Structure formats: C-alpha cells, structure tokens
Amino acid sequence: MSDTPSLHTDESRYSTAKLLRRLLALAWQFRVDCLLSLALSIILLLLGLVGLQLLGTAIDVIRHALDPTAVPPAYPFGWKPPANWSPLHVVTALSLAIVAQAVLRSVLTYSYNMTTVRLTQGKIVPELRGKLYSKIQRLSFRFFEVHGSSSIFNRLTGDVQNTRLFVDGVILQGLNMLITLAAYFLYMWKIQASLTLACLSVTIPLALVTHYYSNRLRPGYQKNRDLYDGLVEVFSQSVLGIQTVKGFAAESDRIKKFETGNRAVASQQQKIFWDLSVFTPITHFLSQLSLVILFAYGGWLYVQGRIPLGGGLVVFAGLLQQFTGQVANLSTIANSVQQSLTASKRVFEVLDTPIEVENNSNPVKPSRLKGNLVFDGVTFGYVPQTPVLKNLSFTAQSGQVIGIFGMTGAGKTSLLGLIPRFYDPQQGRILIDGMDLRDLDLDEYRRQIGIVYQESFLFSNTVAANIAFGSPYATQDQIEQAARAASAHDFIMALPKGYNTVLGESGADLSGGQRQRLALARALLLQPPILILDDPTASVDAKTEHEIVSALRHAMEGRTAFVVANRLSLLRRADRILVLEEGRLVQEGTHDQLAHIHGPYQDAAVLQLMDLAREERSAA
Ligand code: M5T
Ligand code: MG
C-alpha cells in the first residue's frame, strides 16, 4: 500500500489551534448565512419553550377544574382567558395554540434545513472545491510526483465535505446547543433551583467522557483517510493500467492487493465505530440518569412539600429531557470536530503548498518570440542533491533545429522540461530572446511553445477538440491544416466520424503512431515559434516514421525546434546535435561532423547503419 507523505513536514503549522482559527475564518466568510441559520434555530427553540409552557398551563387548568384546592393555573405571556370561558374552553384554546406552535415549528424547521443546506452544499463546498481545484491546476509538477492522484481526488471530494462539517456540524450545532442549554437551564432554575442542580450534575461526567473520546477519535480519522487514499490508489492504478495488468496476468495479484487494502480500511473503520459505539451509549446512559435523579430527588422534594405536583413539574421533565438530549448531542459534535479537523488539515495542506514555478511580481508579457534560446551554466535535479543536468550551456538560434541525443536516462526529457519552465534550474539561467525565463509571464510564454511528448495524452473528446486543445478558437480549416501538416489528415478521415470521432478513454482506439501525429497536429495548430519534440517517432514503424519525419521537416521550418531522437533519420536534419551523457553535454555538432568523431554518437550511428545493412541483407 502506498502511503502518502505529508505535503508539509512542518506539523506545527497544523496545530489544533491554528486549524481551528482557519476554520473559524472560513465560517466568518459566510457569517450572514450562519447568522440566519442560527436565528432560525433560536426561534425554533423559543417556540419549543412556548409549547412546553402551554402544555404545563393546560395541565394546571385541568387539575384545578377537577380539584379546586390545587394550585390555580398561572397563565403565561400576560394572557388571561375571558371570565365567561369554561375550563373546557380554556383547554381547547391552549390545545389549538399548541397545534399552531407545532405547525409553525415544522415550517421553520423546513426553512432551517433549507438554509443550512444552501449554506453548506450550495456555498461552502463549491467554494472550497473550486479553490482546491484551481490550486491543484496551478501547482508545479513536483506536487504530482509526490502525490498520488487518489489522495488528490479524496481531498477534493470527501475531505472538502468533512471540512464544511465544521460550519454546520460544529459551529452552528454547537452554538445552538449552548444557547438551548442556557435557555433551558434558566427556565428550569426558575421552576426549581436545587432540583435543576441535582439533575444537571450528570453533565460533568458527560463532559469528561466526551473529552476523552474526542481525543481518542482524531488519530483514527487521520489513519482512516490515509488508508483510504491507498485503497483508491490501488483501484485507480488498476483501471489506468488495465492493459499492463492483463498483459502480465496480474489480476489476482491486484485483487489480493486490493483486498488487503480493503480489509485495512474496514478494520480501521470498525475501530472508529467501536469507539463511537461505546461512547454514544455512555452519553445516553448519563442523560437518562438525570431523569432518574428527577424522579428520586423531585419525589423527595414533593414529599417534603417543597414543590407542588403540577404542570410545572411536567414542564420541568420536558425541559430536562430536551436538555440532556442536547448534552448527548455533544458526542456527535465532538465527533464532527475531529472529523473536520482531520479533513481540513488535508485540504489546507494542498492550499498551502507553494507553487514552485510561478510568475514573479511583475512578469513581462512577451510578444511573439523569435526563439533565440540560451542555456547558461544550467544545473538541475528533481531532488536538489542529485542533479540530472550538470552545468549545461548551449545556444539555439531562431529557426534552428536542435537535435538532442543520449542514452536512456541521460537527461533529454529533463532538458526539454526546462524550456517551457516546468521546473527552474538550481544553478544557471535560461534566456529566451535575451530575457530570463523567470521574468516572463508563464502562460503567455508557454502558449508560444508547441510540445509533443514521448507519450501523448489525449482527452476523451472528439479528434477535432483534441487538436484544438491549446487553441479553442481555431476554425475547422485551421484544424485540418494542422492535421495535414502532421500527416494525420488521411487517417482521421478514415475514422468512423472523421474529425468528430470521439476518442475512447486515453485515446485507446488509436495506434501509437496515430496518437503521436494527433499530438503533433495539436502542437502545430498553435503556430508556435518554439517546438519541442520528445522522441516523437519512438513508437512507430519505419513507414510511419518516414511520414512523420517528412511532416516534421515541413513543421519545423521557421521555428526553433528541439528534437529528442535516437533514430538518425530525424537527427540528420538537425542544424546541430547536442550529445548528452549522464546530464553533461559531451559532444556538439552536425550529423556529418559527429559521425566522423569518435564518441557516443558515432557508436550509435555505426550500430544503426549495421542494423540497417543486416536488415537489407536478410531481405535480399
Ligand atoms: C534523467 C530522473 C530519471 C533519470 C534522470 C522525467 C523525470 C526524470 N527523472 C526524475 O527523477 N523525474 C522525472 O520526472 O532524471 O531522466 P530523463 O530526463 O527522463 O532521461 P531521458 O529522457 O534522457 O531518458 P529516455 O529514457 O526518455 O531516453 O535518472 O530517473
Ligand atoms: Mg525521455
């Protein structure tokens, strides 16, 4: 199971206090909606109290009617029934008021729920998700090297949801709980002070238990998210790599791996639920205990003649029940606190990741570039301590084709990656038309570079849309022209719907050579002054190679082109060839020059010529 390294090693940045502060700031951003939701819950609370009070009064009216020596009913809110009303009239009126109160409460509960959902799902979640997505899109490559796509997906989905839980599940519910408890407490205190204290004494152990479990739960949630990342990783890798999996008959292996992960997540989840399933009943038991105290101590008080047995006591019992119910809610809130802290840390980690390659404060927007490129003492490594390019210096004149040759792992792709500034060099600088790349506006600069990678990613979209990926306003004519230039037009026309054929996921229904030519068309459509080709003919047969090479010859005209290739067919046409060995520039010259100098290029040339001769002989 791949474990996900933390984005920030600096854990102090995510102390509980700091996380809480940021979550509160998030809630503050939506304060109007929060207040609205809170106001509704307070009205609901007051209505509930009114209902209880009316019930108590109704009971006293009945008792008094049956037994005139009992305490006379105290009417609430300064209301007095007209003198000519019989007790039946009064009770009917009170009952109607209770029903009206219940109806109003239902309506308000509905609006409360709607308000809260609009706040959480309609505002907070989309806002967070949008922020996260645009951050992820802007992050530099290194981020994606370190983090599996699954961890990123999970953060974007589940963790965003659990982060918003802090607003509705913690702040709103918590405030609601506090206000409710305070109101009930005062109300109960007014009815009978000592009984209130006795009944509420159970809240102390309740708070302690809650504190204990709350701390116990958090690491569990963190572990759970990490394990879940791993599980989704196994799954998504198997889907993306299904060809390899099947090709190596590795299905049962993968299934076993998934099962292991699956079980790990399950047992971890069970552990959390086990904790919860002990915790929740304890809180419920303690709340029930307060009712027992009410009966025992309340009964004793009655026997002592210190409280009457009337509506007041019914109201008291009702309040107590709701009070302890609210306190028992503590367990849910505590659980939500831990869940949202865990999740928000994972969300904030992404939001806090510095974008390594970024515009400086005052970037230059280049007009159309000429394409004079200079590498000046460039040293670069994916990990700073192990450079893969060492003190590299060369110049490419506008319009030149620069071939790059070297053994696998020599650093060719890495060199190409520095040109669009996917990474910044650790030492030295790269200049385009005399300007340091770091001073240019990244987007404007990159738009002037066409790239064809070793393996091209195609989107599940039409052929035309794939070609127009970098130039969304291109006309059909321009798209076809680019396709022709990449010798892709003919095979595209042979597809079932021509340019409107939708490609399967990852373009699975095209051959390697076809994919490369689509990618080339995509690059050419930009009309870029700089063209980067990373071994575009690596995966094609000789005939297609020939086609691509002649297409390229045309395509590279008038552009500064950097072509990585191992086949001489492409390199021969380069104005200059750079030979790399373990990240160093060891030879430089034209094909004709290099073919006559002893060195790696000559070795490769001889080998390829020998191969060619052998093939010709065996064909003859
Ligand atoms: C040069 C390492 C790689 C190798 C060295 C692209 C990439 C490479 N490397 C990383 O650590 N992370 C990366 O994202 O850098 O690799 P290269 O530049 O890819 O070599 P190449 O293009 O000449 O090789 P090839 O096989 O494409 O001909 O040590 O591990
Ligand atoms: Mg490469």
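Each Cβ is built from the backbone N, Cα and C atoms, and glycine gets one as well.
Residues annotated as domain 'ABC transmembrane type-1' in TrEMBL: 35-339.
Marked as domain 'ABC transporter' by TrEMBL: 373-607.
Annotated transmembrane segment per TrEMBL: 30-55 (among others), in sequence order.
For 85-104 (among others), the entry in TrEMBL reads transmembrane segment.
Feature annotation from TrEMBL assigns transmembrane segment to 165-187 (among others). Under 8 Å from some Cβ of the transmembrane segment (165-187) lie the Cβ atoms of residues 23-24, 26-27, 30, 34, 37-38, 41-42, 45-46, 49, 116, 119-120, 124, 196, 200, 315, 319, 322-323, 326-327, 329-330, 332-333, 336-337, 339-341, 343-344, all in the same chain and six or more residues away from its ends.
According to TrEMBL, the transmembrane segment annotation covers 193-213 (among others).
Feature annotation from TrEMBL assigns transmembrane segment to 278-303 (among others). Beyond its flanks by at least six residues, the transmembrane segment (278-303) meets 192, 194-195, 198-202, 205-206, 209-210, 213, 309, 313, 316-317, 320-321, 323-325, 327-328, 330-331 of its own chain at Cβ-Cβ distances under 8 Å.
Same-chain residues lying 6+ beyond the ends of the transmembrane segment (85-104) with a Cβ under 8 Å from its Cβ atoms: 47, 50-51, 54-55, 57-58, 61-62, 64-65.
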